[in-house]
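Have a look at the structure below, then the notes.
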Amino acid sequence: MSTPSAGSDLPAPTPLPYRRPSGPGRALVDGWVVAKRNLIKIKRVPEILVFVLISPIMFVLLFAFVFGGAIDPGDGVGYREFLIAGIFAQTVVFGATFTGAGLADDMAKGIIDRFRSLPMSPAAVLVGRTTSDVVYNVLSLVIMALTGLLVGWRIREGFLDALLGFGLLLVFAYAISWVMAYIGLVVPSVEVINNASFVVIMPLTFVSNAFVPLESFDGVLRQLVQWNPVSALTQASRDLFGNVSASAAAPDVWSMQHPALYTLVWVLGILLVFVPLSVRQYSRAGG
Amino acid sequence: MTDMIRATGLRKSFKEVQALDGLDLAVPEGQVLALLGPNGAGKTTAVRVLTTLLRPDSGSAIVAGVDVLADPDGVRARIGLSGQYAAVDEHLTGLENLEMVGRLYGLGGAAARRRAAELLDRFGLTEAGNRPSKTYSGGMRRRLDLAGALVAAPPVLVLDEPTTGLDPASRVQMWEVIRELVSGGATLLLTTQYLEEADRLADDIVVIDHGRAIAQGTADELKAQTGGERVEVVLAEPSMVGAARAVLAEVASGEIELKAGGRELTAPVAGGLAALGHTVSGLQQAGIAVLDLGLRRPTLDDVFLSLTGHASEAPAGSPGDPDSAETEEALR
Ligand SMILES: Nc1ncnc2c1ncn2[C@@H]1O[C@H](COP(=O)(O)OP(=O)(O)O)[C@@H](O)[C@H]1O
Ligand SMILES: [Mg+2]
């Protein structure tokens, strides 16, 4: 019999047969291992890639040809040109759904338990997931940009400015990924995540200047649109791509006067709140 | 003896359910402990606490010399877990799965790769090693999951129902793998609903029900608790009961029982085969025809039944005994 008794000892901690990296470097090293695992999935399930690439193309074409003629942004820039940055913003923000759905799937399949039983950084799974989703977003941005160029969109500022514009889009989407990561851990169901993301992201992108000029909103709605970070993101991208006419002055609110800065403030705020929140939720997942 | 796993007074409740209700466990170094209990007994909850996946409401646990609550990361570096449901990534190949686990334990790229190949070989998965694990059978997936627990050659292994859901052939294969593992010196905690499995693999068995240990011992010790061997006779003619009872009385060490149906007699015996032989000749001399006659050793199913008053939910479970309530009384 081996009931716990005073007679039996406890061993000294068994020595480890290998050396593990420690500190914040470990979150990155382990995070990269997890990101690679997520990226392999793109290779194995090419349908995902098709979806990732087709839907942005569809968006660009739909908006350009269906609404393209109907709405006049009224400042000398054609609607198509006005629209593209909005579609970029909407698409990359929607891309965050992948983060939530991926984590929910891993929770449901017990993979998160496997990870949590390993001596890895508790941030690694989230770092890895959000990182691999940046790759998805890069792919869809490239495809959308090419489609945009085909239908008449042009980069009218410098190439470097345009890169900054893409960078800003990716950084903002990255922050939203951490929000969806949190939701994915709290509600571990892929279906629920897809619906939840729709409910959150649709209003966020439609109550903005992504598809309709700011000037066409009134009253309270106007206030919401002005301070909506997606509006700032879109405005900043338009500025950086040179998709605003020189004559039109930016709306007279701070968020629209400094859209890139305002966007970055949001990015920082979201990360400061949702990184610790998500890591904590991960650490206590399932119990 | 040194305890590689020791848990004291573990309690955990989920809303109204008391999943663990003061569980104590100890597994000495190099030994196998089976945590045996029906569905919902609290096995998985115990495993999750010991492997740092779940914080208990109260109680403490030391695994491989490291406190589970104070240094969970230290525990994770020293254990290998194979959970109740195989947690392998279906899109990764077997090799990629193991390589990833190796990297996350902290092995370098080359070392992780080498170790992965070695384990695939050991588990008979080399051929399938470059296929996504989605294409694997249940048994293969389970073995891959177990291989994942071994990547870092941890001193303590925890397997939660390693054979549940496997077909009989895969189960036997898994038993072999597990036995081989332990012969390598690892300390193993395994949970099971199969009494036979605990009997085959474990040095020591803790029977758990409603989050509490209700019995502990070797398979033999547990069997002894149910009162040892019995001779069972099924008569061709119910009218011969009286004569048969007289024959059995010569070998019985306790009360002879007549079972429902009126043609089956059971007598507890001390002498085993000798008692059986005596019964056979006695019945022949008296000219009593029998349909069936045998020496019945208690299985662990009987143990479970006698301890809990209800049959275990293992498929191999024995039919309910009318005398179980009585035995339960006697044991308390
Ligand atoms: N996460 C949970 N939430 C609520 N109840 C749970 C949870 N996990 C386990 N339980 C309950 O705790 C009891 C013990 O469960 P478990 O440890 O899984 O048993 P076993 O592994 O022996 O089948 C069961 O009644 C189960 O329903
Ligand atoms: Mg279980």
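Backbone N, Cα and C define each Cβ position, glycine as well.
What TrEMBL says about this protein:
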DOMAIN    A:47-285  domain 'ABC transmembrane type-2'
REGION    A:1-21  region 'Disordered'
TRANSMEM  A:48-71  transmembrane segment
TRANSMEM  A:83-104  transmembrane segment
TRANSMEM  A:134-156  transmembrane segment
TRANSMEM  A:162-185  transmembrane segment
TRANSMEM  A:192-212  transmembrane segment
TRANSMEM  A:260-279  transmembrane segment
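Put simply, of A:48-71, A:83-104, A:134-156, A:162-185, A:260-279, the stretch with the most CB pairs closer than 8 A to the transmembrane segment (A:192-212) is A:83-104.
Most Cβ pairs under 8 A with the transmembrane segment (A:48-71) among the ranges A:83-104, A:134-156, A:162-185 are made by A:134-156.
Between the transmembrane segment (A:83-104) and the transmembrane segment (A:162-185) there are 3 or more Cβ pairs closer than 8 Å, counting only residues 6 or more apart in sequence, so the two stretches are in contact.
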